[in-house]
């Protein structure tokens, strides 16, 4: 309540100040218009309130103009309608004010000019001349009477002078005085017996009589008494031996006095007005101009105020509509019973409430769907099986992380593509994707299918078991699909290794039993028959028995290899410095490397590992021996084998690489390189790399092989760092 009252106070404060200044300025303008003679006395300060009012109105209007222009420039709600309404209001207000002001200025100028017409001035001049003529006649009469008294006094006795003066009062004079040259009263006659000592004339009268023969002046005796004083100089005495001044005072009649004063006042007022005619006209014009400007500014201000009040409901509705369009469905418009927009405001509030309820329901449904989506995402992300979902158009919609891990490809980056597009982007997956695509397009059989797929990757052969099924259609006859696949490479490899282990164990058992009797029998034959045969036959026998013994030894080595491959792991783990072990084994081969060159590149940051030192030494021997034999068989010039170690602290993993610069591994053998009896060499059992793979798996590591782009091959052993 207090905030609303304060807001209204600040809204009405400019209005109160403006109206107060308006009253003051109009009062002062009326003062200088009706009393132009006061304008010079007051100066310019009566115009100051008007100037302050004009400046205040101009500031208010400029502020409103700036606000309207800013609203129009930023396209705020109701700004264009406010501008049009304000323009129309100004047109209806300013044009009549302008016409009335121009007509008033012209009319006032004409009327003022008529006040000072020639006839009025001539009449006043004639009246003034007539009054002056009447006074002149009365002056001549008084002078004639006084001249007659002067002639009577000259040569008269002193006692006759007083009688003559008393007799002169009958001519209408109120007093008559005879003054000598020393300004002493000689004789007097007064009609007012109460006056004992009359007022003697001043020296100005004496000085005037020195230059001319008479003196005449109107004098006032009190606020309402007007008299005319007449004086002449004379010589008196029996011999006219004395000089003096004879003066008389004649009262002026009341009517004559009134008429004379009226004419003089009218003439003086007319002269003053005539002199100030331009000032009066300018004062009236200034007043009308100021009032016109004030009216125009007030009209402009009123246009702002009323246009904003009239457009406020529309502006509020537009703002509410824009707020709803921007997503603010909680927007409410105030409803006023006194407003014609109340029905529209209620309808708008009802609409926003329904929209808000609908949005709340939609948001609740979205949250439920999101919860289900999150639940499904968690389930898919924790599945060990790879899952790929396709929509009815065959476009990939969802891929879990297990699918990317199994296929060794970032499938999430290819979401939104079809299977043929993915096959073109990732050629390594083409066999898998071709089979899946053909199964999805096959509409003759069941919608559920299963297939085993083999892929060749950089890390070796990958065997997948893939299952597909159709998803239920929601609204169309077409339906999506889901692919679920598992990596069974290790399972099949384990079965394969177990089978080979069993074969190796049986072969070792079956072959090892007759080998010793065969070797012993060959040795006995040599001892028994060497002395009974001639030299040639004995030499032949010796060669044959040596061949038998050598082949038996070879078979024993093969049997030992079979036993080694089939033997169950029995590790003795300890902290081993892999760098030192690699250097030790490399030094053994450097002694007899001949034409071969063996390099060692060790990572000094590699920490000790938990290893079975004898098994890892066997692993190193097999890898180095295999690389050197491959280079020797292919007669590689400048043959080089590089042993290197690396430490990856982010994944806590040690990497052992054996790289050569030979012709590389035949591509057809690369997927089956670590299987038993798979070899490209002309000699050997084909179990060396199989045993290496088994040792790596016993230590929880991973083994890969690949050809290098510039020639040669590299075998990488990844071991965990605890």
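Glycine is treated like the rest: Cβ placed from N, Cα and C.
What you see is a predicted model, and the numbers here were worked out from it, not measured in a lab.
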Check each of the ranges 320-347, 348-375, 376-403, 404-431 against TrEMBL and return the one annotated as coiled coil. 348-375
Chain residues in Cβ proximity to the coiled coil (348-375) (below 8 Å; excluding those fewer than six residues from its ends, i.e. six or more beyond): 317, 320-321, 324, 329-333, 335
How many helix, strand and coil residues does the domain 'HAMP' (308-360) contain under DSSP? 37 helix, 0 strand, 16 coil
